[in-house]
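Per TrEMBL, the feature CoA binding site maps to R196, G197, G198, K199, T316, S529. If you look up TrEMBL, you'll see G392, E393, P394, D416, T417, W418, W419, Q420, T421, D506, R521, R532 marked as ATP binding site. The Mg(2+) binding site feature in TrEMBL is assigned to V543, V548. According to TrEMBL, the feature domain 'Acetyl-coenzyme A synthetase N-terminal' maps to 32-87. The domain 'AMP-dependent synthetase/ligase' annotation in TrEMBL covers 89-474. Feature annotation from TrEMBL assigns domain 'AMP-binding enzyme C-terminal' to 537-619. Positions annotated as N6-acetyllysine by TrEMBL: K619.
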Amino acid sequence: MSNIQSVLHETRVFNPTDDFVKQANVSGMASYRAMCDAAAKDYAGFWANLARETILWHKPFTRTLDESKAPFYKWFEDGELNVSYNCLDRHLATQPEKNAIIFEADDGKVTKVSYRELHGRVCQFANGLKSRGIKKGDRVIVYMPMSVEAVVAMQACARIGAIHSVVFGGFSSKSLHERITDAQAVAVITADGQFRGGKAMALKPAVDEALSLGGCKAVHTVIVYRRTGGEVQWDDNTNVWWHDLFNSQPSACEPEWVGAEHPLFILYTSGSTGKPKGVQHSTAGYLLGTMVSLQWVFDYKPSDIFWCTADVGWITGHSYVAYGPLAMGATQVIFEGVPTYPDAGRFWKMIQDHKVTTFYTAPTAIRSLIKLGGDLPKQYDLSSLRLLGTVGEPINPEAWMWYYTVVGQSRCPIVDTWWQTETGCHMIAPLPGAMPIKPGTCTLPLPGIMATIVNEAGDEVHDQHGGFLVIKKPFPSQIRTIWGDPERYKKGYFPEEMHGAYLAGDSAHRDEDGYFWIMGRIDDVLNVSGHRLGTMEIESALVSNPLVAEAAVVGKPHEIKGEAVVAFVVLKGSRPADAAAAKKLAEELRNWVGKEIGPIAKPDEIRFGENLPKTRSGKIMRRLLRAVAKGEEITQDVSTLENPAILEQLKEVIK
Ligand code: PRX
């Protein structure tokens, strides 16, 4: 609650400057309100007009929104298009030599790729995929480092109508295996390894291991991009080098025209069960969302140099690296490395070198860069910047103010963008030439996005106490289903109490200006460094260790990461005898989770108890565990616990 109070008292307001308003795509609140009114008056017509103006259709649509099988909505269903055509071919006539991608490698080497070149490469690789028998509707896993090739792989899948599922390179072989089998993928596109922070790290072994775990019989092809030149194991039956496949192919490839609702991709994300869910996105509605949000929220101009720092393994890297900027014909920066190598000035140097105008990153990166060198931005010329953005988690007002004054030199509006893997594009975010901004709030919904806050009964609440964030009407870029599990989709996002609204899974409240303040998740999902982690996933990883009998995982506030993972573990044998033994075992379990899920899921802290605090009916009292993790005094009555004494044990922090 103290958090809510503190943000409610935020009084700093920053109006867009006259210069910004003058040149903005949407200028002034009146224009924003007019767009919202247009959407309210004729909802389908509003989106239909945008879809006609924005997308190049191979066959125009005649039906806008089909709600007959709600919540399985269909948008623009009888239209046909191709996303790769919209991202590449459309620019060939007007700006073939414009840089599509400025790629900066970990070691600083810069490669520029024009729209003409990128088009050629995507066609060549698409032909390569076809030569391996990969066709429309097949699922293809992309497990690659940040590279031009990762974007080429995604675009090539889109070109032939194959459905990609990108798996973040930091996920373990187990996580990769889970995704390969769930999607029943026929191919994996990977690299021998990746460079990060001056070090070469292998990637291919994780693919080999994942495929050896069984259930992957459908995988007939593994395409390997040579990046580090490291040793790789090779299976002649299935493995093929990227360059061998690529070089022999012609650089023209007719796009596969697909229906508007054809799945463009599946992206796995954490939910409140142990099993990640495959969020399935559409072709047209998704593309439209990425394009309109670039125009509205990023105020996109053809002269911009756009840089979104997200990895293509996350939704942000899909919408604002692989698709949106290309569809808009933008020049964008793609970075292979890490913000702290060779030093914590890397981002600022890159903004200076590439004259970046629009910079989009996560609060966790901002917080860690403040800590590592709050004055460093001053050593660089950041005058090219005109707009800053954040995504992934609430930004604390102090970090916001630093971003605004030090990086943006009090000149650049900040767009704090609230959205999710499931929503495909921004939902609540400032239109920077219209809204006054305040530190810590994502402000107001985009035109045509009917976001509001409701109570447990699904009724709208208008006071400042907050409740559940929902979106009342279907919107084009939203999730279509969970791959292979439509029931989970329906139950999870459209529970009966919400009367047909989309339940986002976040709690939020509104201030007196109607601005939204996101308070956090309402389910058992943590947000660690802007990444979603299911507590149940980490718990199941822990209990799969032969030494562990039971585990409960909670989050606690963390200065840099936003949230840290704290695990309470009951061993099958007795508790570790002393601090040294506990420390050793905790490290072993942390590494175990790293191997089971990926290093991002490693608990920050592990505490051992003989039991966990439970009610008499055996339910783990997570609320109590959260308080224990935070070091808060327990004020609530614990007499109903089966084992109140256990709390003392669990308070012991392993140092
Ligand atoms: O809790 C919200 C938080 O991140 C969740 C979505 O995570 P994911 O699907 O991984 O997508 C992250 C990138 C879009 C949301 O449910 N979140 C995202 N953006 C914000 C945020 N919380 C507060 N403010 C934001 N701007």
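Cβ atoms here come from the backbone N, Cα and C positions, even for glycine.
Positions of TrEMBL features highlighted on the structure.
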residue: R196; record: CoA binding site; Cβ within 10 Å: 17
residue: G197; record: CoA binding site; Cβ within 10 Å: 13
residue: G198; record: CoA binding site; Cβ within 10 Å: 11
residue: K199; record: CoA binding site; Cβ within 10 Å: 12
residue: T316; record: CoA binding site; Cβ within 10 Å: 23
residue: P394; record: ATP binding site; Cβ within 10 Å: 24
residue: W419; record: ATP binding site; Cβ within 10 Å: 25
residue: T421; record: ATP binding site; Cβ within 10 Å: 19
residue: S529; record: CoA binding site; Cβ within 10 Å: 20
residue: V543; record: Mg(2+) binding site; Cβ within 10 Å: 16
Rounded distance in angstrom between the Cα atoms of R196 (CoA binding site) and G392 (ATP binding site) | 22
Where the C-beta lies under 6 angstroms from ligand 1, the matching binding-site residues among K199, T316, G392, T417, T421, S529 | T316, G392, T417, T421
By Cα-Cα distance, the member of binding-site residues G197, T316, S529, V543, V548 nearest T417 (ATP binding site) = T316
What Cα-Cα separation, expressed in whole Å, is found between T316 (CoA binding site) and the residue listed as 'N6-acetyllysine'?
-> 36
Could you check which of the recorded positions (G197, K199, T421, K619) sits closest to V548 (Mg(2+) binding site), going Cα to Cα?
-> K619
For the domain 'AMP-binding enzyme C-terminal' (537-619), what's the model's average pLDDT?
-> 94
With H, G and I counted as helix, E and B as strand and the rest as coil, say where DSSP puts V548 (Mg(2+) binding site).
-> strand
Of R521, K619, the recorded positions given in the record, which has the fewest other CB atoms within 10 A of its CB?
-> K619
Looking at the binding-site residues G197, G198, K199, S529, V543, whose Cα is closest in space to that of W419 (ATP binding site)?
-> S529
According to DSSP, folded down to helix, strand and coil, what is the residue listed as 'N6-acetyllysine'?
-> coil
If one measures from the C-alpha of the residue listed as 'N6-acetyllysine' to the C-alpha of V543 (Mg(2+) binding site), what distance in angstrom results, rounded to a whole number?
-> 17
Taking every protein chain shown into account, which of the binding-site residues T417, V548 has the largest tally of Cβ atoms within 10 Å of its Cβ?
-> T417
Non-local Cβ contacts of G392 (ATP binding site) (under 8 Å, 6 or more apart, same chain)?
-> T316, A362, P363, T364, N527, S529, G530, H531
Across the domain 'Acetyl-coenzyme A synthetase N-terminal' (32-87), DSSP labelling yields 27 helix, 7 strand, 22 coil
